[in-house]
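Okay, so here's the structure we're looking at.
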Amino acid sequence: MKSIPIILLVLIGLLLASVYSHDILITEKGQKSLDKLDKAAATTLQHGENIQLSCDVCQIGASLLEDFIKKNASLTEIIKGLSDLCIASKEEQPEVCTGILNNYVPIIVDVLIQSDFTPSQLCGYFKICSATGSSESSSISNSFDNEYRQESFNKPTMKVNKKPQYKDLSNQEPLVKKFKGNDSIGYILQISDVHFDPDYKVGSNPNCGRPLCCRDGVGSAGPIGHYLCDIPFSTVELIFQHLATLTDQLDFIVWTGDNPPHNVWEQSQAQQELATATLAQVIQKTFPNTPVLPSLGNHEAYPADQYVLPNSQWLLDSIYTYWAPWLDADALELVKERGYYTSLIKPGLRVMSLNTLENDMINFYNLLPTYLKGPNNQSDWMINTLEQAQSNGEKVLIIGHIPCTVKSASTDGWCAMYEQVVGQFSDVIIGQLYGHTHYDQFSVFSDVATHTIPTGMNYIVPSLTTYQNHEPGYRIYQFDYSTNQIVNYYQYHANITEANETGALNFQLTYSAKELYNMDDLSPTSWTKVANQMKTNSTMFNSYFENLSSSPIKESCDQACQTKWICQIFGITSSEFDKCYGV
């Protein structure tokens, strides 16, 4: 999920105010704007991490930056100024302020200097200001959207303008030699967002005032876990002891990333690598003879969410090593070069694992003009792979981490491209399996021309971590290999409160998709019908809402809340969400 605590988003506004000079604070105009900024920031902060950063914070900061953009300051001065402001706000502890700023400010400043964006446009890019707030702020998302739509493809055939040479995929060896199910029916396990914390301490304080707790102090952190914290490694072991009982049923496993904990202010490259290495070892030990299809999460990066080549080559080198037991040489070669790959699951069925750090709004490197259009970019590879699959009579299952929903803090440029690809190859793509939000969601893709014809389905699975009030969960998809279609899925959860009391972690079936929504099949058309019924059928919507967070905290959802969540289903880009929501 979005990893950076709200203080960093507030500091984006503050950074815009001082990125070039701490001297702005001593001017009369700058001081007045700063006073307003402090007040707006405090108002934003007191509502907690799940509330969007106030547009005022960002706009005032942008105004200050634009007034003093010609002045220069060192990174040391910028970080010190921001640290002083952060610590003075008392909304984060000093070590969190300094840790986050030291990690992220050099990247943000470097990107601002290299990019062509004005500070006001950044407020729109980060979705801090809506389209109704500032035409300049909202223009940046539309600019990314339009550039992808107009320049990446030749309409209406969606061919890549300058297609590089890619490997012939027609002779790949399948990963699954023999399926375990009866007749044509098999089962796929998806796990995501484990976020285990090796420093979790039983009996520690879950309300420590930092972005991640249960690591020190005295409090109610239970032996199995706590809803405000990431799970201990001992709980990971319990989870996989349970999953091991499913081995005889599973044909393959989809592992959609986010392995390290949420201590984003004090992480290191070595810690990020160790988290992935540890989980890879656990998975391989638990399922020694079951194929595993991994994808890269935003938390695997260091700092979290930040990815650009060649700076991030260490990350690709590490997953190349840890994913090696499951992927063939061609797939691993592409992993080491780009962080994505394709493999043949069985004749006629292919997987594409995407590197969705390119779809991460909090990856500041995505502001650079080359991220969408560089040589051998991911969108070109994606289209080429789908074209080959289409020619070879194959169906494709897409897996990734960050989905295209407003909840996931995705980028409109990427999602505009992706939406077109899904529409163009709707006869090839049979489903999309993602994670990241920690919520149990789904989104329906439709044709970009009219948004009336369903074209694809994205299934977003809940997390295994309990962080931010979730019961740990995993999902099993029922798959018909004769038609290469997902025909049902089963969502499982464990109750952490009960587990802490009994010492046993028991997973129970929460629901079956077909039974819960009374569906004949899981086609995009059927899911569109379900989503539209939620607009008027409160019973159906309440079933969806209850399973969204799988939280012990039961919240009410009024009409505005209901509309928001339904628009998340249809809003692949922020402009589509806003249109649905009536913004």
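Here the Cβ of each residue, glycine as well, is placed from N, Cα and C on the backbone.
The model shown is predicted, which means the values in this text are computed figures rather than measured ones.
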Cross-link partner of Cys55 (disulfide, per Swiss-Prot) out of Cys97, Cys123, Cys129: Cys129
Recorded disulfide partner - Cys86, candidates Cys58, Cys97, source Swiss-Prot: Cys97
One of Asn207, Asn298, Asn363, Asn484 listed by Swiss-Prot as binding Zn(2+) 2 at the site of Asp258, His401, His436: Asn298
Zn(2+) 1 site partner of Asp193, His195, Asp258 (as recorded in Swiss-Prot), chosen from His226, His438, His451: His438
Record Swiss-Prot, residue Cys214, disulfide partner from Cys123, Cys229: Cys229
Per Swiss-Prot, the disulfide partner of Cys567, chosen from Cys557, Cys561, Cys580: Cys580
Rounded Cα-Cα span from His401 (Zn(2+) 2 binding site) to His438 (Zn(2+) 1 binding site), Å: 11
For Asn500 (N-linked glycosylation site), the three-state class that DSSP assigns: helix
Spatially closest candidate among His195, Asn298, His401, His436, the listed binding-site residues, to Asn500 (N-linked glycosylation site) (Cα to Cα): His195
C-alpha spacing of Cys55 (disulfide bond) relative to Cys86 (disulfide bond), in angstrom: 18
DSSP state at Asn298 (Zn(2+) 2 binding site), helix/strand/coil: helix
10 Å Cα neighbourhood of Cys129 (disulfide bond): matching recorded positions from Asn72, Cys123, Asp193, Cys214, Asp258, Asn547: Cys123
Cα-to-Cα gap, Asn495 (N-linked glycosylation site) vs Cys97 (disulfide bond), nearest whole Å: 34
